[in-house]
Amino acid sequence: MGLWALLPGWVSATLLLALAALPAALAANSSGRWWGIVNVASSTNLLTDSKSLQLVLEPSLQLLSRKQRRLIRQNPGILHSVSGGLQSAVRECKWQFRNRRWNCPTAPGPHLFGKIVNRGCRETAFIFAITSAGVTHSVARSCSEGSIESCTCDYRRRGPGGPDWHWGGCSDNIDFGRLFGREFVDSGEKGRDLRFLMNLHNNEAGRTTVFSEMRQECKCHGMSGSCTVRTCWMRLPTLRAVGDVLRDRFDGASRVLYGNRGSNRASRAELLRLEPEDPAHKPPSPHDLVYFEKSPNFCTYSGRLGTAGTAGRACNSSSPALDGCELLCCGRGHRTRTQRVTERCNCTFHWCCHVSCRNCTHTRVLHECL
């Protein structure tokens, strides 16, 4: 008789549940490990001797997978671009959610966004999309700036483009940015569960948004600015424009399930497809963000969920929107206090060359959640 048969029924059932949950937990813990390199771009431990020689002493690089480290080695100069893109994505995330209960908090160390990424909620969807977009955006821009040895401007668009303009200049290399972003970011995902599919979908949604927001820029040529001929190229959007689009997609995100529920004849490709939880809704497009788990309310502190709550947050007493005290403070009320602030004012430029200012003191009214 085996040891398993000697265990009480409730113990064996508990162990079975724990073992079943283990692969998903491991996959969740491995997701986003590359975010730990966020400070590499400003690290003194990274020494770059030339574009063709990098000496890396940064401990956080151990958080990368073997494939990710290989991609870094094969593309000298790209590590700073990846880290810089991640930093920009973090700033954009904080900006987009600055007036909401969840305000994209971050922490030092390998777990940049905290425990919220262990949940399959909307907030996790946005985090994956904006960080993926940040890498694609930064790498594409670095290519056109000549900061990465393995890529340049996108010179494929050449020749006449229309009756009064032609392609020229230095287009941002969005194709290289998307390809590298897909290879680098997606390789950090492990497993074949719903979380895996959700993360991959949202990663791609971030990259797709950067691509779809590309714009054509032109420069005029001709006598006295007559603009008889124009030279045009493709330019990346600002990351703020990408963040605005992704925040709108966050508000309209699709709740999903595995595809082909109840079918025993589904192929592997069909099983690895996301379908809306509500059959009346259309399937998510490549631009949409997807999630499968309801978000916490973020009102109170929870160590288990990694939520800080909204106590002490500044709110707008006259706003009915998400930044208003009623919604942001979750109905708990708010306190009002005054603060005397001294700022520079009435500044004047003197030739040549200095600026003189006065110090002005005024009273600021602050409202904070209880």
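Glycine is treated like the rest: Cβ placed from N, Cα and C.
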Exercise for the section: Disulfide-wise, see what Swiss-Prot says Cys330 is paired with, picking from Cys299, Cys357, Cys360. Expected result: Cys299
Problem - Cys325, Cys345 - which one Swiss-Prot pairs with Cys315 by disulfide - result: Cys325
Problem - Disulfide-bonded cysteine for Cys227 as listed in Swiss-Prot, from Cys218, Cys220 - result: Cys220
Completion exercise
Neighbours of Cys345 (disulfide bond) among recorded positions Cys170, Cys357, Asn359 (C-alpha cutoff 10 angstroms), in sequence order, are Cys357, Asn359
Practice task
Find the one among the disulfide-bonded residues Cys104, Cys153, Cys352, Cys360 whose C-alpha lies closest to that of Asn346 (N-linked glycosylation site).
Solution key: Cys360
Exercise for the section: Filter the disulfide-bonded residues Cys93, Cys153, Cys232, Cys315, Cys325 down to the ones within 10 angstroms of Cys143 (disulfide bond), Cα to Cα, kept in sequence order. Expected result: Cys153
Exercise for the section: Rounded to the nearest Å, what's the C-alpha distance separating Cys330 (disulfide bond) and Cys352 (disulfide bond)? Just drop the number here, would you? Expected result: 54
Exercise for the section: Can you check which residues sit near Cys151 (disulfide bond), meaning Cβ under 8 Å from its Cβ, same chain, 6 or more apart in sequence, and list them in order? Expected result: Asn75, Val139, Cys143, Asn173, Phe176
Completion exercise
Looking only at the recorded positions Cys93, Cys357, Asn359, Cys299 (disulfide bond) has its closest CA neighbour at Cys93
